[in-house]
Amino acid sequence: MAGAIIENMSTKKLCIVGGILLVFQIVAFLVGGLIAPAPTTAVPYMSIKCVDVRKNHHKTRWLVPWGPNKCEKIRDIEEAIPREIEANDIVFSVHIPLPSMEMSPWFQFMLFIMQLDIAFKLNNQIRENAEVSMDVSLGYRDDMFSEWTEMAHERVPRKLKCTFTSPKTLEHEGRYYECDVLPFMEIGSVAHKYYLLNIRLPVNEKKKINVGIGEIKDIRLVGIHQNGGFTKVWFAMKTFLTPSIFIIMVWYWRRITMMSRPPVLLEKVIFALGISMTFINIPVEWFSIGFDWTWMLLFGDIRQGIFYAMLLSFWIIFCGEHMMDQHERNHIAGYWKQVGPIAVGSFCLFIFDMCERGVQLTNPFYSIWTTDVGTELAMAFIIVAGICLCLYFLFLCFMVFQVFRNISGKQSSLPAMSKVRRLHYEGLIFRFKFLMLITLACAAMTVIFFIVSQVTEGHWKWGGVTVQVNSAFFTGIYGMWNLYVFALMFLYAPSHKNYGEDQSNGDLGIHSGEELQLTTTITHVDGPTEIYKLTRKEAQE
């Protein structure tokens, strides 16, 4: 009776396969830790206060903080008062990147957060629920002498959340408020060499625009982008892994279709998991080097969502197909209670991502967290997704417990078998449990490395060797799930070896009574493995 490769492969060969996969896993971590630089770089920018005294501000030339055509500057706001420069004439200008540097498509994205330096004044305090309204223009060019081209022009409102720790008295005037950082801008591609931000704070007392926001002294930005060196390592990994997973996927499905029976649900789900892994592996990011594709971040989120939804569904179905619960399974409809939370949670996260990065395709300054309604909506989506995730894990833990209990109960019939047959089935049960533990270890490693990457400084040093922890997390976990899917398709592919049919009962040491027992236990049930057939037949009886 044919089973899966994991059941018919000798222990020695199985250990060799496991050792090879472990070596590749270690290499995946070392590539990120020793070869790749840190995943991202944060660059601080201090805005330059330029003066624009023209009447029609929206159609004036761009104000550049430095260079041959630099703007007229003021050092601080106090300098503007004796020169009779109004607030509407001050433009906070930021050139990206810093002098003598240029941006690159290898940076993949740009994320900016804003910090406002607001001084306390008795006659100009920050009101409750104050909102700063900024008129922001974003331009780009690809050399130092061409004209700037407008990329975006938006009114950008942001709510201020500031506290003043000192007593609000005259002697404490000039001290700064402690304000939360504000999300400012996100662009999904870096297709140009130079970018320019012109930020205005228009004041209109009649419409209560920028009134009661304190005295803004400076605007500071922090720009975060992906390191070019890390991008190259990441692209190389995806380029290497794509054909590897695709080849094993084609080989796996070819073995399935060569069988006389139709594929069962578990085999279809493993194949679907391979498709989702291939989808996330395809290195379409190479095109972002030559094309201005701002939707790449959103597309990457969608690909990851599909893979993780498929992975969670696989775990549920894998456990369910090995349960002895008297239910006729082998149909996706039989798992609607367990798969339902996955679908709802994935849909909520998809809507949340579309509300954030989907809108940013046309307005890079948009953030769903900047308004009360947007914040409540975002939190609602995240909470619903979190509840669905908790329900899923409750279902999963219950099913894993049931599977282990049922298979352990089945072991009570093993002593009645011959030694050879008993050892064969003990090996099958051990390998099934081992795969379940490997799955748990992969999930635990993902969580552990994520926590470590958040609480550490980003790198560790041993002597003269620097290990980039965050890079090792990305490449190691990415490689780990590829190896996991690879191992599933390889080990659960139908084996060409047979037990019980190609070998005589005498060779296995099976007596007639035992043969009858095994026949009534594991025959007439189609499935990928003998453990699967064992449990499914038990459920039928």
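Using the three backbone atoms N, Cα and C, a Cβ is placed for every residue, glycine included.
Computed over the domain 'Wntless GOLD' (48-226), the whole-number mean pLDDT of the model equals 88. According to TrEMBL, the domain 'Wntless GOLD' annotation covers 48-226.
The domain 'Wntless-like transmembrane' feature in TrEMBL is assigned to 227-496.
Only residues 6 or more beyond the boundaries of the transmembrane segment (233-253), in the same chain, are considered here, and those with a CB under 8 A from a CB of the stretch are 28, 31-32, 35-36, 270-271, 274-275, 277-278, 281-283, 285-286, 471, 474-475, 478-479, 482, 485-486, 489-490, 492-493. As annotated by TrEMBL, transmembrane segment applies to 233-253 (among others).
Marked as transmembrane segment by TrEMBL: 265-284 (among others). Residues 235, 238-239, 241-242, 245-246, 248-249, 252-253, 256, 296, 299, 303-304, 306-307, 310-311, 313-314, 317-318, 321, 329-332, 481-482, 485, 488-489, 492, 527-528, 532 of the same chain, all 6+ positions outside the transmembrane segment (265-284), place their C-beta atoms under 8 angstroms from a C-beta of that stretch.
If one looks beyond the transmembrane segment (296-318) by at least 6 residues along the same chain, the residues whose Cβ comes under 8 Å of a Cβ in the stretch are 108-109, 186, 188-189, 265-266, 269-270, 272-273, 276-277, 279-280, 284-285, 288, 332, 335, 338-339, 342-343, 346, 349-350, 353-354, 357-358, 361, 392, 395-396, 399, 439, 481. According to TrEMBL, the feature transmembrane segment maps to 296-318 (among others).
Tertiary proximity for the transmembrane segment (339-359) is limited to same-chain residues at least six positions away from its ends with a CB under 8 Å from its CB atoms, namely 186, 188, 297-298, 301-302, 305, 308-309, 312-313, 316-317, 332, 366-368, 374, 377-378, 381-382, 384-389, 391-392, 395. As annotated by TrEMBL, transmembrane segment applies to 339-359 (among others).
What TrEMBL records for 379-407 (among others) is transmembrane segment.
Residues annotated as transmembrane segment in TrEMBL: 428-452 (among others).
Residues 4-6, 9, 17, 21, 24-25, 27-33, 36, 39, 230, 233-234, 237, 241, 244-245, 248-249, 251-252, 255-256, 266-267, 270-271, 273-274, 277, 281, 307, 311, 435, 438-439, 442, 445-446, 449-450, 452-453, 528-529 of the same chain, all 6+ positions outside the transmembrane segment (472-493), place their C-beta atoms under 8 angstroms from a C-beta of that stretch. Positions annotated as transmembrane segment by TrEMBL: 472-493 (among others).
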